[in-house]
Amino acid sequence: MQAIKASSFHLPRLNPVALITLAAASLIGAPVAIAIFTGVIGGGGDAWLHIVSTQLLGYTMTTLAVIGLTAALILLFAVPTAWFVSLNEFPGRGFFEWALILPLAAPGYVLAYAWADAADVAGPIQSALRDVTGLSARDYWFPSVYSIPGLSFVMASALFPYAYLTARAAFSNLSLCTMEAARSLGASPRRLFLNVALPAARPAIFAGLALALMETAADYGAASYLGVQTLSVGIFRAWHSFSEPAVAARLAVLLILIAFGLQFIERMARGRGGIQQTATRWRTPRRQKLGPVAGWGVAIGCTLVLVLSFVIPVSRLIWVSTETGLGQGQIVRPFLNSLTLALAGSAFAFVLALTITIGARQNRFSQFIGRFAAGAGYAAPGIVLALGALFILSWTGFSVAGPAALIFLVWIYASRFTAAGAEPLNAAFSRAPASLGNAARSLGASRFQRLVRVDLPVAMSGASAAAIILFVETLKELPATLMLRPFNWDTLAVQAFAYASDERLAAATLPSLLITAAGLGPVVLLSLQLTRAGQSRAAG
Amino acid sequence: MSKLQPIHARGVTRRYDGRAVVQDASLTLEPGKITALLGQSGAGKSTLLRLFAGLEPLDAGEILHGDVAVSSLSKHVPAEERQIGLIFQDFALFPHLNAIDNVGFGLVRQNKDKRRETARHWLDRLGLSHRAKAYPHELSGGEQQRVSIARALAAQPVAILMDEPFSGLDVTLKSEVRRTALAAVAEAGSPALLVTHDASEAMRAADRIAVMSDGVILQEDTPEKLYLEPVSMAVARALGPLRSVRRNALPEKWQAKVPLAETYCLRPEAVRLDPAGDAMLEVVAAQRTSSLIEIELKLTETETIHALALGPFTPGPGDKLAVSLAPEFVFAAR
């Protein structure tokens, strides 16, 4: 697809495609625009001044500290594992290649509940420690999950696969010639990694990292449960506990600035190099076999990352739920509610994603406006978008408790996740030859016929991936659902959060496990697809 | 629109951001003939093809099908209404359709059976009837390009426009695919335009060649005429390698054979190994390149010329060879 050139960008004639894309982009971008507008224009009054003098610095510094620490942990988890899995042969490599993506299935808040229970004084880890050492609880120090480092660890566990995936792709795409040239110039494996591979993969690693950190900044469930006072928690509290939506909107602007700041840093880090692309004739380097000591050392390292990020928390949830029986709490209604909202939200997001993807093929204006709106919606935390929707609800006089709120919630899901759904649809087009549209034109196909006979079928080859991603993202969403759902309309995520917050972890496990199980399917699918793509590239 | 009429471009200009990428170009595509548009990348070849196809509006001039204007400042028939067959370097096959459905894509006015029959005929004509059910990703590059040519021809276009159609293919496949494809194009009888940067491809495939540089058509003629009577050094260079030599460096007998000029450009064929030759030159270096031997011969201390030879023996440096000059391959530099 052609890049947008500022010098040749013109407003197009108002053709139907541009108008439809503009309408879709407006729907996607409206909640974030309204939240920003209200935050900037609306006065916060005394409450805002009070927040500024007492809590603003704390919220901001805590959020930045969580982001910084999470970034460091993600790099620690993702980069070495990606390097060894891509370019080295060691025991279990084939398993770790896909298994290290599994943590993506569990949302951060679910890992937070599990870790809080597992690492509790009465939990299995500390109990085992006492059993082995014979110490009592007062005789030793144990790190608390209810802290900035604890939250950072939980978020890094849930989100490091983003950076792992992009780093793995970048390492696999390294040119054999570059690596062999470096080796022939006497580069040791360490220098090869630090001076050749890492700089080449840096843009891709930063792209994955930025995505993970935007999710970290947007998190409400884990931070709130672990009692870490981030901006998201502050926004929710300003709106819910203090009934100060104007203050919440001002805090939301700060959070958006942080999200956009992360995007900006990612672009800066990308530099002039851009993300390395795989050329058709690019040969993937052959994996180097590690010696037995190094090989088993790497295997143990990978195991440790997987156990800490996925195996311990998920098996703890399974243990608790089987120990206490699955009948804790009502599950059918929240399950059906989740299903209904996820289906409606993902369907709406899918239609919008399809509209902006096809619109982008038609003219540069549609391409720009669609991508800009989807990017803004994706960067904005769910809590901010929900705030935007609440402002619209109050201006239009609809009841927050009525069915209108549900429609708004579906809208917010679409606004937040359209970009994620557009990604696989775009990928479907990028795999297709660039001159497809002109070929269809030369064969007499009108604009409408091209849409129906070429663009839609080509986009639909990415449809199943888009639909699955959208469904799972919507199912996992917590803060916007928490703010916008009508009374008595709990979803699995909301119910898990409510039970966990009430210290009824046993009851929270089943909805948490259901969300994780729903996430596992697409993650395994994605993992298999990526592995197969890697194998066919290596074979080709 | 009726078939088998010439397509004319008359004084066509196209500008991007004020810069002319095609400037006052005039070219006629005759029915049953393949015209090659030859030039370096950035010469404006593909833009001129897009103007012929109606994929872009023009900024001056007109394009006519027979006597009917299809592009001018006041009129623009869109590409989908021109019945022009386009063939691209990236094949542009629809990934969701198999080979036979790709070929049948443009045949919407025919009923399903007739469409299948026509598509099958063209696949057969291009030697691909056994691959009818294969999807694009299951076909080799050469097969994909033949499907795309079958697709363009099946729609019975008023002209075939090919944009570097063989550049994406392996060298081993290229000549076979080109031969099959261009034979089918010629048989269809429509005017055909072949955009290429490869002089030998243009010479082999085309009935006429237009040499283009910086948006301007420098000369248009038969390959033979262009090769032997280029109007400028730029055209001569576009058609094949040249070697510059000062008049004073040439042996005296050769100076008498060529028109008066300060500098000449010689094709490698200008110098022939000839036992009855009128000059003896010393070999500086010689290299066999498959069937031909490239020989560098010393004229003066600082100047050499190249000769091509057939034969079993490669001469060595220092050997003296009798050579003669074929003046038809010598151009006076202007």
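Positions of Cβ are set from backbone N, Cα and C atoms, glycine also.
Taken from TrEMBL as is:
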DOMAIN    A:60-266  domain 'ABC transmembrane type-1'
DOMAIN    A:335-526  domain 'ABC transmembrane type-1'
TRANSMEM  A:59-83  transmembrane segment
TRANSMEM  A:95-116  transmembrane segment
TRANSMEM  A:148-171  transmembrane segment
TRANSMEM  A:192-214  transmembrane segment
TRANSMEM  A:247-265  transmembrane segment
TRANSMEM  A:293-319  transmembrane segment
TRANSMEM  A:339-360  transmembrane segment
TRANSMEM  A:372-392  transmembrane segment
TRANSMEM  A:398-414  transmembrane segment
TRANSMEM  A:451-472  transmembrane segment
TRANSMEM  A:505-528  transmembrane segment
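Outside the transmembrane segment (A:505-528) by six or more residues, the chain places 97-99, 101-102, 104-107, 110, 113-114, 116-117, 314, 317-318, 320-321, 323-324, 326, 328-329, 331, 334-335, 465, 468-469, 471-472, 475-476, 492-493, 495-497, 499 with a CB less than 8 A from a CB of the stretch. For the transmembrane segment (A:95-116), the list of distant contacts is 81, 85, 145-146, 150-151, 153-155, 157-162, 164-165, 168, 215-216, 219-222, 225-226, 299, 302-303, 305-306, 309-310, 312-314, 316-317, 476, 478, 493, 496-497, 500, 505, 508-509, 512, 515-517, 519-520, 523-524, 526-528, 530-531, 534: same-chain residues at least six beyond its ends, Cβ to Cβ under 8 Å.
Contact between the transmembrane segment (A:339-360) and the transmembrane segment (A:451-472) is supported: at least 3 Cβ pairs lie under 8 Å, counting only residues 6 or more apart in sequence.
For the transmembrane segment (A:247-265), the residues of the chain that approach it from at least six positions outside its boundaries are 32, 35-36, 38-40, 42, 44, 47-48, 51, 56, 59-60, 63-64, 67, 206, 210, 213-214, 217-218, 231-232, 234-236, 238-239, 375, 379-381, 383-384, 387, 391, judged by C-beta separation under 8 angstroms. If you look at the transmembrane segment (A:192-214) against the transmembrane segment (A:293-319), you find fewer than three C-beta pairs under 8 angstroms, all six or more positions apart, and that falls short of contact.
Sequence-distant contacts of the transmembrane segment (A:59-83), counting only residues of its own chain at least 6 positions beyond either end whose CB sits under 8 Å from a CB of the stretch, comprise 96, 100, 148-149, 151-153, 155-157, 159-164, 167-168, 171, 193, 197-198, 205, 208-209, 212-213, 216-217, 223, 228-234, 251, 254-255, 258, 262, 301-302, 305, 309.
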